[in-house]
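Inspection log for the structure reproduced underneath, given as structure tokens.
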Amino acid sequence: MELVEAIILSVLAASTPLLIAATGELVTERSGVLNLGVEGMMIMGAACGFAGAWLTGSILIGALCGIAAGTLMSLVFALMALGLAVNQVATGLALTILGIGLSGLIGAGFVGERITPAAHLYIPGLTDIPLIGHVPFGEDAFVYLSLALIVGVWWFLYRTRPGLILRACGDNHVSAHALGYPVLRIRTLAAMFGGACAGLAGAYLPLAYTPFFIPGMTAGRGWIALALVVFSSWRPGRLVVGAYLFGAVTILQLHAQGWGVGIPSQFMSALPYLATVIVLVLLSRARTGGSTAPAALGTVFVPDR
Amino acid sequence: MQLVLEKRAERSNTIALISPLIAIGLTIVTMVILFAILGKNPLLALDAYFIAPLTDGYSLQEIAVKATPLVMIAIGLSLCYLANAWNIGAEGQFLIGAVAGSWIAVKTQGTDAGAWVLPAMLLLAAAAGALYALIPAICKVRFGASEILTSLMLVYVADLFLDYLVRGPWRDPHGFNFPTTAEFDPVATVPLLIDGGRLHLGSIIALLVVAAAAILLGRTIKGFEIRMVGAAPRAARFGGFNANQLVILTFAVSGALAGLAGIIEVAGPVGHLQPGISPGYGFTAIIVAFLGRLNPIGILIAGLFLALTFIGGEQAQIAMKIPLDVTKVFQGILLFYVLACDSLILYRFRLVFPNRQVARGTG
């Protein structure tokens, strides 16, 4: 039974960066912006987050550095894709290539260093309850934050007026513009939120998941987060389900490798990526009654005046 | 103060021609700042990056060798991007091509197999690359799954598959446990053009690919269809062009070219199959395709230029201890500037001051 608890805990830990990054990208895409640079923003968040935490000894400052790095990267994206009306797919790819290079440069001096990972919550009595105590009461702050974030995003998108305006920009930028909403400013803010989340998600990896930094440690998680947004049909509730499902696949393949099932480890490691492809195909196929994507997703908008 | 884009009445051909040059210029300025931040002498660094590799024969050959896969992959990608199909998994197709071709090399190792081995390897690699690229293409056309995400995911799968083969069934028994196959036999090796040099037959194949693409795009109906579907999808539909068919076609062609580039790299400069055969050729080729303005001749020039940055980066690392990641940063920044300058072809940039904006009225 303790194994079950351990597995649930590790699934939560593996899912959290996916959930945080995908939450940010969901808001970005809901405003009509397709930022494919999540992987680049995440790896920058990881490098800067680790650098910040190692230099100051504070996980909080590390996380803030990660957020700042992700936000800065998203501002570069916004300047290009929104300010200069450059193709969003190409800009996102450029952001990823740049992020991987820059993070290698920044992180090079920190490879091999270790930090004390983020502390886990401990409430005497509650956390000690056998079998069920650790899952709700013994996580690190990032896990709670990720859940608060997705609830907050749901409330913002569906229960507030600014959320409605943001969704309007994503579905029909011409109408939103005609109603007098500053489409490009709203989209820039949405892209920045996405960047901040991606940076935080990246920072989670060296600050809580593994207490060290290695170049390329995001290993495609940014791309999986992008796939999760598609999986969720751009809805926050389904995003939580998707993120935990993917976390579970990642952890199960790790355990299967440990149990010595006669399958080569590389095949097990390929599972999360293959699962992404299969899920994308199944979901896209199930959606026969029109797409659920924001109607203006990824399209260029140049206000005419 | 606000930046405003104004659509030009017509695309500016002058800017289309000079925008890559502006982009390179801006990138170099940015690099000078970066070198200064890293505490390196910017002039010496620029010399190591861009001038030194051009001054000796060995480096010149090495540039052509590095440009070969870049150009071949980028030509295929440019067809995809022209048709508005986003294949970003060329790295995976490159690796699968390398694996498929190596299969023949490994199986015929030490036998008296004749001159058919290399051609068979090239053909099989191209076929495997095309098939691997068809997975995202078919998922896109049949099920509407985003080809961007599926093609990228398959890169990781291909990478792990190659890793499994060279650590498992194909590992060289005399290789001291290194994850690599044995050196390929001479019949399974791409012949050199100069004895004792580095330049190999692959570079000629790359030039032929460039010529073929130039003819396809400039002189044939198929090429016109590809450009039309990407540039004006609605008009293309009225013209009766089948966009789905073109997605399949362009993905297959680009996969085949990436696969071919993969086996040429393995059977040429590397000489055996091992992990890390590509320093990200499949991704750098995306930059090459855009820097070359999705035009075959442009891609040839852009491929040579980016190959120069690879070689220059290695030399700068040896001579000045500049980290290799600087090359990746350089390539990323270059792509940004290329895309930004491309915006100038369609738009005019103008700075607008708020007080004047009010007075302008409907403008």
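Cβ atoms here come from the backbone N, Cα and C positions, even for glycine.
Source: prediction; values computed, not measured.
Sequence-distant neighbours of the transmembrane segment (A:6-27) (same chain, 6+ residues past either end, Cβ-Cβ under 8 Å): 35, 38, 42, 134-135, 138-140, 142-143, 145-146, 149-150, 153, 156-157, 166, 190, 193-198, 200-202, 204-205, 208-209, 221-222, 224-226, 228-229, 232, 234, 236, 239-240, 242-244, 246-248, 250-251, 254-255. The feature transmembrane segment is assigned by TrEMBL to A:6-27 (among others).
For A:34-55 (among others), the entry in TrEMBL reads transmembrane segment.
The transmembrane segment annotation in TrEMBL covers A:61-86 (among others).
Positions annotated as transmembrane segment by TrEMBL: A:93-112 (among others). Residues 35-44, 46-48, 50-51, 54, 73, 76-77, 80, 212-216, 222 of the same chain lie 6 or more positions beyond the ends of the transmembrane segment (A:93-112) yet place their CB under 8 Å from a CB of it.
Away from its own ends, the transmembrane segment (A:141-158) comes close to residues 12-13, 16, 19-20, 23, 26-27, 30, 63, 118-119, 121, 166-167, 197, 200, 204, 207-208, 236-237, 239-240 of its chain (Cβ-Cβ under 8 Å, at least six residues beyond either end). TrEMBL lists A:141-158 (among others) with the feature transmembrane segment.
The transmembrane segment annotation in TrEMBL covers A:189-207 (among others). If one looks beyond the transmembrane segment (A:189-207) by at least 6 residues along the same chain, the residues whose Cβ comes under 8 Å of a Cβ in the stretch are 16-21, 23-25, 27-28, 30-31, 33, 35, 38, 41-50, 53, 59, 62-63, 65-75, 77-78, 81-82, 115, 117-118, 142, 145, 149, 166, 169, 213, 217-218, 221-222, 225.
Taken from TrEMBL, the feature transmembrane segment covers A:213-232 (among others).
Taken from TrEMBL, the feature transmembrane segment covers A:239-256 (among others).
Per TrEMBL, transmembrane segment is recorded for A:262-283 (among others). If you look at the transmembrane segment (A:262-283), the same-chain residues 6 or more away from its ends with a CB under 8 A from one of its CBs are 220, 223-224, 227, 230-231, 233, 246, 249-250, 253-254, 256.
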Whether the transmembrane segment (A:213-232) meets the transmembrane segment (A:61-86): three or more C-beta pairs under 8 angstroms: no
Non-local residues, at least 6 beyond the ends, that sit with Cβ under 8 Å of the transmembrane segment (A:34-55): 17, 21, 24-25, 28, 61-70, 72-74, 77, 81, 88-89, 91-100, 102-104, 106-107, 110, 113, 115, 191, 194-195, 198-207, 212-213, 216-218, 220-223, 225-226, 297-298
